[in-house]
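Annotated in TrEMBL:
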| type | residues | note |
| --- | --- | --- |
| DOMAIN | 8-213 | domain 'Porphobilinogen deaminase N-terminal' |
| DOMAIN | 228-296 | domain 'Porphobilinogen deaminase C-terminal' |
| MOD_RES | Cys243 | S-(dipyrrolylmethanemethyl)cysteine |
Amino acid sequence: MFLPDRPLRLGTRGSPLALAQAHMTARALCAVHGWPDEAVTIVTVQTSGDRIQDRALADIGGKALWTKELDRALVEGEIDFAVHSMKDVETLRPDAFHIAAMLPRADVRDRLVGADDFAALPAKPIVGTSSPRRAAQVKRLRPDATITLFRGNVATRLAKLAAGEVHATLLAAAGLDRLNQQDVGATIAIDVMLPAPSQGAVGIETLGDNAAMMSALRAINDRDTCDAVMAERGVLKGLGGTCHSPIAALARVEGESLRLIAEIISPDGQETIREEARLARGDGAAAQAVGHALLERASPALRALFEA
Ligand SMILES: NCc1[nH]cc(CCC(=O)O)c1CC(=O)O
């Protein structure tokens with residue numbers, strides 16, 4: 001068994017959620033290999049996504065803002081591997097980086113915070129989110145809603161809600177649960193609000209040429225999570241989607257195959273295109289085909305959102 005001769009350096013963003021996920025990863029890794037706790041040290045790296053809080057991510061460079069600094073730390077040998085929310089990892093990654101493992105997926109659903117359900121919101125509600133997917137899904141349910149840009153970490157968003165800036169906001173159940181906020185918000189059913197591709201999944205990335213690290217990390221891979229998330233990411237690839245685009249997708253393992261549901265929604269919530277498919281595990285081409293099928297059925301205006 002691979003036993004490091006020095007502590008392994010786990011790179012992570014410094015937000016409370018990122019740190020919670022980093023600790024989960026370190027614990028899983030030490031447990032599976034029988035290493036002492038000191039075998040993994042946590043190194044926090046500030047990302048531009050954390051630094052810039054006043055603009056939508058989509059306007060300032062997209063998801064690479066969350067990964068760029070961790071990528072640099074990996075390449076420069078400051079860390080041995082990096083832990084990410086898979087939802088924040090861009091679809092097309094530089095070839096050097098490999099997702100070696102994913103932790104078992106948490107609750108994939110969103111929670112509505114501020115009201116028990118969408119019907120309970122007042123007339124013309126103000127809903128805070130900076131996710132184009134959540135914004136479009138809210139408009140579909142409540143065409144009278146106004147969406148206002150809402151960024152910052154989970155605690156910041158909850159504070160803005162408490163201060164009365166909005167009537168409600170939406171947060172991933174996975175993030176709330178990992179921050180011990182199980183009681184916050186009302187869980188929204190998947191058929192009401194299909195989650196973002198990769199929601200609830202934590203991925204562990206290292207350099208593809210670091211064979212010892214790759215194999216040590218693979219020992220904690222949850223195969224069902226990995227296959228499902230890769231299928232959802234395949235849909236993104238097929239769509240050419242970015243974080244500008246209102247896309248939802250969820251794959252679930254059913255025996256030896258996957259059941260995949262994906263949708264794209266116009267920003268005003270008036271047009272939803274949805275596809276369902278059964279695919280074999282690891283069939284990236286079939287997942288991408290679901291993305292293509294969505295585009296084919298979309299109106300020209302909706303399709304234009306996916307053209308770079
Ligand atoms: N975009 C920010 C982000 N990235 C991952 C999570 C939560 C955890 C997850 O979805 O795995 C969140 C916050 C949220 O959407 O509420």
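For all residues, glycine too, the Cβ spot is worked out from N, Cα and C.
Across the domain 'Porphobilinogen deaminase N-terminal' (8-213), mean pLDDT in this model comes to 92. Residue counts for the domain 'Porphobilinogen deaminase C-terminal' (228-296) under DSSP, split into helix (H, G, I), strand (E, B) and coil, are 25 helix, 26 strand, 18 coil.
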